[in-house]
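Shown next, in structure tokens, is the structure this report addresses.
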Amino acid sequence: MPIIEVKQLTKVFGHDAGRALPLLEQGWSKEKIAQEVKLTVGVNKAEFSIEEGEIFVIMGLSGSGKSTLVRLLNRLIEPTGGQVLFKGNDVVGMNPEQLRQFRRKNIGMVFQKFALFPHRTVLANAEYGLEVQGVEKKKRTELAMQALELVGLKGWEHHRPDQLSGGMQQRVGLARGLANDPDILLMDEAFSALDPLIRKDMQQELLELQARVKKTIVFITHDLDEALRIGDRIALMKDGVIVQIGTPEEILIQPANKYVERFVEDVDLSKVLTAAHVMRQPEMVRPERGPRVALQLMRDSGVSSLYVADKEMKLQGVITAEDAAQAIKENKTILEVLRREIPRVHPDTLLNDLFELMSETHLPVAVVDESDRLKGIVIKGAVLSALAGNAVPEGEHV
Amino acid sequence: MNIPKIPLGQGVEWLEKWLTTYFGPVFDVIHAVIGGMVKGIENILTFLPALVLIVIIAALAYWIGKWRMALFAVIGLLLIDNLGLWGPSMQSLALVLAASILAVLIGVPIGILCAQSNAVKNTITPILDFMQTMPAFVYLLPAVSFFSLGVVPGVIASIIFAIPPTIRLTNLGIRQVSPELVEAADAFGSTPSQKLFKLQLPIALPTIMAGINQTIMLSLSMVVISSMIGAQGVGALVYRAVSQAKTGAGFEAGIAIVVIAILLDRLTQNALKPKQR
């Protein structure tokens with residue numbers, strides 16, 4: 001079961017906002033409603049579900065309704081219509097006390113401008129969520145310290161927020177959100193106020209953190225690069241409407257409409273696509289087959305080199321046609337003539353990081369996993385074709 | 001066209017009479033409470049010998065401010081004692097403290113209510129304007145008819161005159177807390193009172209203290225006016241000196257008020273600073 005299910009969720013701002021609901025039902029646009037009944041549609045019938053442990057990114061430009069949408073999830077903004085279900089329970093129908101408990105136990109939040117309490121120390125900030133729950137002092141200090149350690153702020157607990165840099169302040173925000181161990185963490189443009197370099201570090205750390213604590217994260221951003229880097233799935237919003245929901249690849253490769261297409265056309269694909277996206281099935285041979293077989297295989301498939309891997313697919317090296325010919329002449333085995341010094345990369349390596357490696361070698365780059373098993377090879381043509389925006393045909397994936 | 005004069009004055013007098021007739025017992029209770037409070041504070045202040053109290057105040061001044069403030073406290077208070085004005089000064093101080101304490105006890109909660117509801121704020125604001133701009137002499141009269149002569153109507157008049165800054169600045173201080181912080185407190189499931197005590201009041205405290213400081217100063221400025229309806233103290237000495245055209249005596253009593261004013265002002269202004277560090 002999804003942890004969050006959102007059905008027909010709608011927010012209209014203005015006096016007696018409910019009267020806009022039937023109009024939206026009839027398909028009136030945001031502009032038409034603004035002009036004719038003077039109401040502002042913030043979120044228009046959003047519909048999605050979030051799985052446990054997922055990083056779900058809601059992305060859109062300013063004014064697209066993404067910050068409103070995230071606040072509808074914990075009712076910092078009251079929905080005008082529709083449903084939010086948390087593990088099947090209706091959040092919209094909760095009374096104030098139930099809502100408070102839901103916010104205390106199940107859903108934490110990290111804010112764009114950090115929103116740290118200036119009169120409290122770093123530790124007291126991290127403790128806040130536990131404190132309002134009535135957790136006793138010793139226990140909450142312990143939990144808050146754990147959260148601070150998790151975000152790398154050990155030793156800073158007695159400082160005040162204004163003594164910290166922006167990146168560190170947001171770590172405090174993150175620790176505050178994590179300290180009461182919520183099921184879901186809402187992050188509203190959490191890294192947007194940070195310098196680009198610090199921002200990238202924080203994205204990386206968030207991914208590492210997520211791998212450890214396995215929270216469900218709803219991440220709001222206006223930055224497509226950020227969305228592509230951290231999102232398991234991305235919902236793209238425009239004018240209060242969710243235009244497309246999909247994995248980063250789906251959004252890039254199959255944009256749902258012209259808007260998404262325009263949005264993603266400026267993306268630097270080399271920073272999004274990885275070796276795994278462009279690699280092909282390698283031409284390979286097992287060492288015990290001997291140089292003659294290798295040479296024959298090369299002739300058959302019209303290549304000038306072969307990858308050599310053992311029965312477990314462990315990469316041994318590369319043998320070229322010349323090497324094979326020489327081995328036959330001198331009666332050597334493949335293992336004796338094989339070149340072991342060959343470029344290898346992990347499947348998650350970004351294309352951007354492949355360029356230098358590829359310019360230094362005339363051989364294709366081998367893609368291997370952690371235990372050195374050959375997964376595929378990357379040739380220059382495939383990289384260029386991917387960067388030109390051509391989808392890599394499924395059949396050529398390993 | 002001849003519009004008859006609206007009988008506003010008669011109306012107010014009728015209301016005054018009506019209140020004294022039907023709320024007499026209530027006013028008696030208030031009279032007893034405030035009278036007891038002033039007397040209590042005065043007894044505490046005069047129980048100790050002047051020199052001992054001077055040392056205590058100087059120590060307080062040193063703790064809150066630094067040695068310069070302590071030095072001023074010692075010299076200023078010794079001067080008051082030397083001029084033979086210690087007793088009357090403590091009487092006036094008791095009046096000011098009683099009025100200020102009551103003004104804060106009433107004013108801060110009203111300020112909090114104003115901050116939480118625009119309706120309350122919009123009702124209270126014109127009343128505060130009225131209280132601050134109506135000449136203080138005017139509400140001395142009903143105060144006297146409700147509470148008779150003496151220190152109690154003086155305290156009441158001082159509260160009315162001095163309470164607006166506390167209410168206004170409490171309201172302002174809370175409203176100035178950034179909406180993002182309030183949203184964060186909400187997002188973590190704070191109850192309204194947790195939000196108030198853990199977030200809004202602590203952040204508004206410097207602003208509220210500025211209001212309290214003004215309230216104390218304003219109630220001190222009522223000392224002389226209160227003496228016109230029988231409140232004892234240095235205010236009465238100033239009043240008497242003025243009516244008898246005694247410049248020297250008036251100046252001496254005036255100096256005593258200045259010393260108390262400066263001490264109260266500096267002490268309340270600096271009271272928060274060391275704790276903020």
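A Cβ is built for glycine as well, from the same backbone N, Cα and C atoms used for every other residue.
Per TrEMBL, the feature domain 'ABC transporter' maps to A:4-264. The domain 'CBS' annotation in TrEMBL covers A:278-334, A:338-394.
Predicted-model confidence for the domain 'ABC transporter' (A:4-264) is 91, expressed as mean pLDDT.
The helix, strand and coil residue counts that DSSP assigns across the domain 'CBS' (A:338-394) are 17 helix, 14 strand, 26 coil. Shown for the domain 'CBS' (A:278-334): DSSP residue counts in helix, strand and coil, namely 26 helix, 15 strand, 16 coil.
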